[in-house]
Amino acid sequence: MSGFGELKAVLRIRPFRRLWAVLGLSSLGDWLGLLAASTFAAAQVDNSAAQGVAFGSVIAVRLLPALVLGPVAGVFADRFDRRLTMVVCDLIRFLFFASMPAAALIVDDSTLVIAWAAVATFIIETTAMIWTPAKEAAVPNLLPRARLETANQLTLATTYGITPVLAGLVLIGLEKLVVVIFGGGDVRPQGVEPSEVALWFNSLTFLATAITVFFGIKEISGRRTAAVERKPGMLKEFTQGWAFVSRTPLVRGLVLGIFGAFAGGGVVVGTAKFYAVSLSAGDAGFALLFATLFLGLGVGIAAGPKIVGALSRRRWFGLSIVLAAGSVLILALATHLVVAVAGALLVGVGAGMAFLSGTTLLGGEVADDMRGRAFAFVQMGTRVVLMLTISLSSVIVGAGGSRHLNLGFKEFEVSSTRPLLAIAGIFGVIAGIVALRQMDDKKGVPFFADVLGSIRGRPLSPDEPKAAQGIFIVFEGGEGAGKSTQVRHLAEALRGLGRDVVVTREPGATPLGERIRSLVLDPPEVTGEVVTPRAEALLYAADRAHHVASVVRPALARGAVVISDRYVDSSLAYQGAGRTLPVDEVSWLSKWATGGLKPDLVVLLDLEPAVGLARAGRRGDADRLESESLAFHERVRYAFLDLASADPSRYLVLDASLPADSLATGVLQRVRHLMPADEEFDIAEILEDVAETVTALTGDELTDELPSGGTRV
Ligand SMILES: Nc1ncnc2c1ncn2[C@@H]1O[C@H](COP(=O)(O)OP(=O)(O)OP(=O)(O)O)[C@@H](O)[C@H]1O
Ligand SMILES: Cc1cn([C@H]2C[C@H](O)[C@@H](COP(=O)(O)O)O2)c(=O)[nH]c1=O
């Protein structure tokens, strides 16, 4: 589905659509509130120093509740009905936003009005601290899991992209409207200053959201009834929440990664002004870097899922943190504005992707009864980390100035922003790697191969555990190389030693496989149509999936030696090299089909195709693949040899032009090493039977002479 199609599909879900509208409105209110409350406080006094203090104190008061109430806010979201929690919070915000301009109308003392604005802001922020986790925790209950990521894209874009811009526009629009209706500043009646009108408007947005949530999104309620009665006390719930965050690897990893990213972001913001100076880029450079960072954030949120495709979201999260933090290192080292802009873009992309994947993971993988506390913990932590890092880094950089560095051959002026950014970048990369290790859901799957495969739509999957006791031996090679002969011989030898041996083959070891075998190998004159290369690859993979699940794994699980005539390498050689399908795709398909089951030993019987085809021809009519050109079979042969040389410890390559009994000895010698020490067999003792068995099985007189053109390996 296209990105637009996915958005439409999410918005078709009525309760989510309404919640999204509510979120948009309340986020508009938040941004408007931030701008209006602070300008309103500043407007109450005349001199610029007092205006600065009034403005700053309202902002500071907005951040305080995170420290005071943050830890317990999640308990509300998890304990009480989330719909009612949201409605009560919105009604409180409605009343307190309206109380600010109302106070200015009633009270004459500007100090009191400012003080009230600070108190009201504190209460409003406190309720927001409770409202947000309740909302975040409710979203996953309104949607199918598969739609959660798109829903988060939409809500993040709304909260951080659309509504702040809209809030600015509304404020400008209100200002113009006030001038048109009431005229300039001196003649205006009381209570209609633009910031006051904005606060009235803002209070109404919260009334509207309260009404919508109460009457329009009843689905948010009703997730528990009797369970509430059984809940422990609030204090217990609070401590349970903290214990959950610290003991659950996924949440611990998420929290660590998110805090690391925010710490890095805080340092970037705190040092940005000085950093722009160190680039000699001035205010314009500062603005450019900031705009680029936000652009990157948007790109990360909007395009991230498409870029990484099917990559595990846990891995994506860790990767995003490392990308963001690693790009802070680019900023630390950049000496040119263009490089710094590229770095800022990547920081934004990484942060946006981490934000989206982190939110989706928290929503999708944390159980409903803990979700509110998990979101509240993150909400509180990010604010605290951001506040601390912004203030600390700006103080450090302000005090640090710049240092003159003389390397002998070159001299530099190094701003203190650089080491600080470097430290933040290194710290962030480490946080990302640790987070990834904590929460990796594909342990043992190579990371970068998985990332590349996922981007191409073919993620790697962890191997299914192989039964410890059994031994899996595969014979590979071109047509007529002697595989069946050697398979049977080895089986006889091992059975003679008392081992449980399962002889099998691909394709066609099962009734289903038999049917697939005739579909792929019968000539077109029989089947009535030509099997296309991709269909052929899929048919072999289907046979393999069924074969491994129903024959190979069960036999290995009971400790048998499984000897298969052909396996994965045949697909890589025939469909990959022979049919020239992309080998990595064929390989991925087989890995998927087998759950990653690899043989303990592959015996490759290497033979000139012409010789092998001649041998096979003695059996009668050629099948569909035997009828392929000599060039096809040459490609197959060299593909087998390449596979063997890429992983020599797993392969035994034998010159298949040698007599069958020599080959059998070579195979037995190697297989010996696969047996447990106490089961090692005496080759000399069983060699006696080898030639006999082989002759009996093939029905041919085996000769010591090399067939013409044969090469010894
Ligand atoms: N080492 C050998 N030297 C000469 N002939 C052999 C040798 N091994 C097997 N043969 C003969 O070659 C023919 C093909 O042998 P076999 O069926 O074992 O090969 P294969 O690799 O399983 O063939 P295919 O893949 O086409 O089924 C048989 O007639 C067999 O007797
Ligand atoms: C498993 C597998 C086999 N093939 C081809 C190779 C042979 O031509 C036939 C099997 O015939 P055999 O007599 O049993 O050796 O199928 C293939 O193309 N791809 C595969 O994955």
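Using the three backbone atoms N, Cα and C, a Cβ is placed for every residue, glycine included.
Feature annotations, courtesy of TrEMBL:
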- G477, G478, E479, G480, A481, G482, K483, S484: ATP binding site (BINDING)
- 475-661: domain 'Thymidylate kinase-like' (DOMAIN)
- 20-41: transmembrane segment (TRANSMEM)
- 53-77: transmembrane segment (TRANSMEM)
- 84-107: transmembrane segment (TRANSMEM)
- 113-134: transmembrane segment (TRANSMEM)
- 154-174: transmembrane segment (TRANSMEM)
- 197-217: transmembrane segment (TRANSMEM)
- 250-272: transmembrane segment (TRANSMEM)
- 284-304: transmembrane segment (TRANSMEM)
- 316-334: transmembrane segment (TRANSMEM)
- 340-362: transmembrane segment (TRANSMEM)
- 374-399: transmembrane segment (TRANSMEM)
- 419-436: transmembrane segment (TRANSMEM)
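The transmembrane segment (316-334) makes no contact with the transmembrane segment (154-174), as judged by fewer than three Cβ pairs under 8 Å among residues 6 or more apart in sequence. Other than G477, G478, E479, G480, A481, G482, K483, S484, the residues of this chain whose Cβ falls within 8 Å of the Cβ centroid of the ATP site are, in sequence order, L605, L607, G612, R615, A616, A656. Taking Cβ-Cβ distances under 8 Å and a sequence separation of 6 or more, the neighbours of K483 (ATP binding site) in its chain are F475, E476, G477, D565, R566, L605. Spatially, the transmembrane segment (250-272) is not adjacent to the transmembrane segment (197-217); fewer than three Cβ-Cβ distances between them are under 8 Å for residues at least 6 apart in sequence. The stretch in closest packing with the transmembrane segment (197-217), judged by the count of Cβ pairs under 8 Å and taken from 20-41, 84-107, 340-362, 374-399, 419-436, is 84-107. Sequence-distant neighbours of the transmembrane segment (154-174) (same chain, 6+ residues past either end, Cβ-Cβ under 8 Å): 7, 10-11, 20, 23-24, 27-28, 30-32, 34-36, 139, 194, 197-198, 201, 297-298, 301-302, 355-356, 359. Taking a C-beta cut-off of under 8 angstroms and a sequence separation of 6 or more, G478 (ATP binding site) has the following same-chain neighbours: L607, P609, G612, L613, H633, V636, R637, F640. Counted over residue pairs separated by six or more positions, the transmembrane segment (374-399) shares at least 3 Cβ pairs under 8 angstroms with the transmembrane segment (113-134), which defines the two as touching.
Simply put, out of 20-41, 113-134, 419-436, 113-134 has the most Cβ pairs sitting under 8 Å from the transmembrane segment (84-107). Residues 253-254, 256-257, 259-261, 263-264, 267-268, 271, 275, 314-315, 317-322, 324-329, 331-333, 389, 393, 396-397, 400 of the same chain sit 6 or more residues outside the transmembrane segment (419-436) yet have a Cβ under 8 Å from a Cβ within it. Proximity of distant same-chain residues to the transmembrane segment (20-41), defined by a Cβ-Cβ separation under 8 Å and at least 6 residues beyond the stretch ends, is recorded for 11, 54-55, 57-59, 62, 90, 93, 97, 100-101, 104, 114, 117-118, 120-121, 124, 128, 131, 135, 151, 154-155, 158-159, 162-164, 166-168, 170-171, 193, 195-196, 198-199, 201-202, 205-206, 208-209, 212-213, 217. Around the Cβ of S484 (ATP binding site), 16 further Cβ atoms fall within 10 Å across all displayed protein chains. Ranking the binding-site residues G477, G480 by the number of CB atoms within 10 A of their own CB puts G477 at the top.
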